[in-house]
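Listed in Swiss-Prot:
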- 16-36: transmembrane segment (TRANSMEM)
- 46-188: domain 'EXPERA' (DOMAIN)
- 50-70: transmembrane segment (TRANSMEM)
- 104-124: transmembrane segment (TRANSMEM)
- 135-155: transmembrane segment (TRANSMEM)
- 179-199: transmembrane segment (TRANSMEM)
Amino acid sequence: MSHSSGTDMALNFSTASLHAWNGVSLLLIIFVTWIISGMSQAKSKIERLLICWWALTGLIHVFQEGYYVFTPDLFNDNSPNFMAEIWKEYSKGDSRYATRHTSVLGIESVASIVLGPLSLLAAYAVAKQKSYRYIFQFAISIAQLYGTIQYFLTAFLEGDNFASSRYYYYSYYVGQSSIWVIVPMLIATRYWIKIHAICKRLQDKKVTKVG
């Protein structure tokens, strides 16, 4: 597989420092959310982990992806702006971000404006054990899966040639984006099984009453 030269922009921060600060920020969000989830109505560790996932993904959608959507000139920003630097670094794996390709701009717009707030609401729903939490998490996970598949598919249809090297292709484009395939798929499967079980119990109860 050949790859285009991509977008190798001069960065104010080293790649290692960007990954370190980004990683620390994400871990801090997870840690704080985990502590808070312990004071919630969540009934199991899995539900507490789900609260962490929805809080983390919601904040990423709203702030990180929202920054990309609503800052059209971020790639011209030469100041040591951490958020802009993150996107400049990621564009090494997908140069469509640097050119603000309509496909990624559309996907990121939906993610930041719609899926971000809904993900945060999902975290609240699990924490408060709301009756709609199963169907809500299932629906948002399907939407995330759809967006990620669309992201991969649009690149494939245009030649899948947007990374500056194989390293960035597999570590950034494939590796990071695959998280939004694997986790939503696991959550969607979990709640499909739970919703199906509830529907079956209701159906069996109805049949018993009729009989």
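Every residue number used here counts from 1 along the chain in the order it is shown.
Cβ from N, Cα, C; glycine included.
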Non-local residues, at least 6 beyond the ends, that sit with Cβ under 8 Å of the transmembrane segment (16-36): 48, 51-52, 55-56, 59, 82, 85-86, 89, 123, 127
Cβ-Cβ under 8 Å with the transmembrane segment (50-70): same-chain residues at least 6 beyond its ends: 26, 29-30, 33-34, 36-37, 40, 42, 83-84, 86-87, 97, 105, 108-109, 111-113, 115-120, 122-123, 126-127, 137, 144, 180, 183, 187
